[in-house]
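Peer 1: This is the structure I want to talk about, given as structure tokens.
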Amino acid sequence: MQMSTDQKIKYQIQKQENLLLRKKGGLITMPFIIANEAFEKVASYGLLPNMIVYLMKDYGMSLTKGQTVIFFWTAATNFMPIIGALISDSYLGRFLTIGLGSIFSFLGMFLLWLTAMIPQARPGPCDPRIQACKSASPSQYFLLLSSFALISIGAGGIRPCSLAFGADQIDIKENSKNMRVLERYFGWYYASAALSVVIALTGIVYIQVHVGWEVGFGVPAVLMFLSTSLFFIASSFYVKHKIRTCLLTSFVQVILVTYRNWEIDIPSTDSEVWYQLKESMYHVPTNKLRFLNKACIIRNPEEVGSDGIALNPWTLCSVDQVEELKVLIRVIPLWSAGIMMSINISQSSFPFFQAQSMDRHITSNLEIPAGSFGLFTIIALFVWVMIYDRVVLPVASGIRGKPVHIGVKERMGIGLFLSFLGMVASATVEHIRHRKAIQQGYLNNPSAVVDMSAYWLVPQYVLNGLAEAFNAIGQTEFYYSQFPKSMSSIASSLFGLGMAFANLLASLILSTVDHATKIGGKESWTSSNINKGHYESYYWLLAILSAINIVYFIFCSWAYGSCAEQVNGFPDDSINGSAIELLKLSSQVTYEAENGKELTKSRLLPA
């Protein structure tokens with residue numbers, strides 16, 4: 001069947017648009033996009049390690065209260081990207097969303113800098129571990145929390161879009177090596193982000209400790225200003241894809257139409273009743289979550305206009321809309337299995353106080369700040385990405401004589417197991433440190449330095465870094481490969497959304513443990529006095545929860561089934577080949593479309 005005249009015209013217009021876009025983008029845009037993300041990470045992550053000290057000593061908060069504030073702030077920072085992704089993919093586009101996010105981040109950091117510069121903006125120096133401290137006034141809290149809120153809103157604009165926006169610049173469907181290019185881009189993107197965090201955990205933390213909060217908060221504000229400026233400077237070079245649809249509205253439409261058509265029987269997939277757009281990525285709906293297929297059944301031919309468009313989108317949805325909602329629903333169980341690892345790596349304050357109470361000297365005159373020990377997590381992540389890309393895969397491929405790729409679900413599972421080991425290591429080291437502190441008579445002196453090297457903490461940091469390298473990168477690749485291109489911003493923000501829920505759950509776990517363990521006048525496991533508390537018991541609790549979560553992940557992985565490859569938006573459950581073979585099939589489909597040949601269902605869909 002030949003393409004209609006309207007289809008040919010539309011195809012030629014789309015082809016010309018793609019050619020114009022291809023003149024833009026490319027590697028020339030990478031420095032600006034990566035610099036924007038890198039400066040944002042240096043600025044925002046540089047604020048986090050010592051924030052508990054700032055809240056305790058300058059705002060008089062207890063450890064539990066200060067950590068709870070940080071948990072909620074981090075949760076908001078990780079939750080906002082899903083809002084930013086929806087706004088980006090539905091309304092503003094990635095470029096404008098990143099730009100506005102950068103401006104909000106700068107304003108938030110500038111406001112936080114003002115809290116350090118203006119003495120009246122905070123209650124004053126105090127150490128709640130050894131004395132009662134004056135609480136901050138409502139206006140002082142408002143200024144502090146406003147700065148946190150603006151930073152979180154800014155992160156919501158930058159983080160979900162930066163990765164996908166960079167992929168837009170190099171994602172060329174006609175390139176037979178496109179899949180490999182994107183895989184390497186994801187890995188090196190995370191490596192550059194990791195390097196940014198390394199700088200944050202060394203340079204910014206060092207400035208805060210040795211120079212003061214005024215400069216320590218001022219430098220991130222300046223970096224964020226540079227980040228915003230550099231991103232807008234390269235505006236004319238970027239590929240900026242147009243917004244096709246409002247995803248949130250689309251999801252609601254599918255749910256409502258499914259409910260409206262609930263009594264309708266679902267026909268076979270080879271039926272002609274499925275409503276698809278001319279540029280549809282899907283010809284018929286898949287058999288996954290079949291009940292949603294009722295939303296794209298044409299009950300009456302009059303529901304579709306002469307131009308092939310549904311007259312009322314609230315009574316008839318396209319196959320694409322249905323499949324977009326399906327893929328989001330299907331990944332939720334696996335997504336939820338990654339939350340526990342995020343809970344583990346979000347425990348920043350407890351390792352900080354552990355390191356602060358141990359010998360951190362490298363030489364007699366040089367010691368690492370307690371807030372910089374998170375550096376070992378980032379180094380482990382960075383090194384593994386390089387080894388995996390440059391050593392593991394090439395060597396394994398050479399041995400087997402064909403390309404080797406560790407599946408995304410396998411990497412996610414390995415990450416969860418490493419996270420469990422990280423909590424076991426944390427509990428073991430803290431048990432030894434706590435025992436030494438008691439033996440050396442430091443029970444009532446939380447500021448004392450125990451005769452034990454802080455570098456015993458390195459294994460737990462390294463395990464957490466490897467866990468994140470396997471699980472976080474695996475998750476992002478998993479979402480990006482399973483989601484259609486129209487949802488790529490949502491795909492890149494799902495891990496951050498998991499971190500948001502993890503922070504909320506971590507706060508709940510912390511509060512519950514704190515209240516439950518101090519009943520009857522006992523000292524809380526999470527006491528501000530690290531030597532009176534029992535941080536090791538808290539770590540063992542997280543380790544037990546991590547072990548249970550691994551079993552849950554295995555079940556979710558089995559229930560999900562095999563990962564259907566995506567080729568330019570076309571899902572194919574029937575093809576078991578390499579990514580290159582899939583891309584060759586995509587090229588053949590494109591060739592047939594250009595020559596007016598019939599795109600048979602047998603080439604795109606399972607038999």
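Each Cβ is built from the backbone N, Cα and C atoms, and glycine gets one as well.
Quick paste from TrEMBL:
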TRANSMEM  25-48  transmembrane segment
TRANSMEM  68-88  transmembrane segment
TRANSMEM  95-121  transmembrane segment
TRANSMEM  141-167  transmembrane segment
TRANSMEM  188-209  transmembrane segment
TRANSMEM  215-239  transmembrane segment
TRANSMEM  366-387  transmembrane segment
TRANSMEM  412-429  transmembrane segment
TRANSMEM  490-510  transmembrane segment
TRANSMEM  538-560  transmembrane segment
Peer 1: Quickly jot the same-chain residues contacting the transmembrane segment (25-48) by Cβ under 8 Å, restricted to those at least six beyond its ends, or write none.
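Peer 2: Residues 70, 74, 77, 98, 102, 105, 109, 112, 151, 154-155, 158-159, 162-163, 165-166, 168-170, 189, 192-193, 195-197, 199-201, 203-205, 208, 216-217, 219-221, 223-224, 226-228, 230-231, 233-234, 237-239, 348.
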Peer 1: Name the range, of those listed as 95-121, 141-167, 188-209, 412-429, 538-560, that has the largest tally of Cβ pairs under 8 Å with the transmembrane segment (490-510).
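Peer 2: Answer is 141-167, with the largest number of Cβ pairs below 8 Å.
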Peer 1: Is the transmembrane segment (412-429) close to the transmembrane segment (68-88), in the sense of at least 3 CB pairs under 8 angstroms with a sequence gap of 6 or more?
Peer 2: no
Peer 1: So which of 188-209, 412-429, 538-560 is most in touch with the transmembrane segment (366-387), counting Cβ pairs under 8 Å?
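Peer 2: Ranking 188-209, 412-429, 538-560 by Cβ pairs under 8 Å to the transmembrane segment (366-387) puts 188-209 first.
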